[in-house]
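Read through the structure below, which is laid out as structure tokens, and then see the notes.
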Ligand code: 5GP
């Protein structure tokens, strides 16, 4: 074997081993970010250095291994590509935290949990030739503006709705109950109303506060009310902050729209998969549930 080929083979094996090791540990996003940064950036961090090695010596290995979400096996990956999914996630977000996440000084964010989306797990953008059509949901406009507002762009909600339809709605539409835009948005509003998260939190005495909550208390209280395991997502503490900030509460449904646990014992999913740029599954421990700006004064 020529020395160059032997070197390539050696680097390939090293790279493959590293990629797989990264996968076993968890975050696919992190791995891909490392890869990208490694391509243009610093040589200083060890992880970046290894990925540079992959780029130099074995681009085909990077292609084959590093770009597959590593927590999924081959069969799982095929399901994602085939747009197969098994649960629906009703994602509520706390507008104050949304504004904090994007570092936007929102003027008057709603002081109640609003809808981020109704998301099938493991499937996105299932039908690029089914465009969003505002006309179809015109009748729902008052409820949409109230409960599913674009928190970041409150003067133009329809961009956000278009995004949610194209990314998530086209996949949810595999269900007869959600197989039109009217049914998808109307059905999501129906589930949101049925869940009554805002009044349930109030009943539980969980209100925005300058005092911190324990995440396990919130999760346990919600689980006892709904009878299923929810998922709570937080913004990790920024520099100078003591604790994480609560951002999203997810409740999950079966395909026949019955509540189910968001994660089953042994199921992947508590590994910190981030839905937004900064959101992660909350760490056990204290968390800030930030009051809206005016009542914080
Ligand atoms: P997804 O793309 O899966 O629906 O949700 C994640 C993205 O939605 C993140 O980029 C997050 O910043 C964004 N996002 C969250 N809430 C809002 C919102 O109220 N309006 C808009 N325009 N984007 C949002």
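Glycine is treated like the rest: Cβ placed from N, Cα and C.
What TrEMBL records for 116, 164, 168 is active site. Summarising the annotation, TrEMBL assigns signal peptide to 1-26.
DSSP assigns residue 164 (active site) to a helix. There are 25 other CB atoms within 10 A of the CB of residue 116 (active site), with all protein chains counted.
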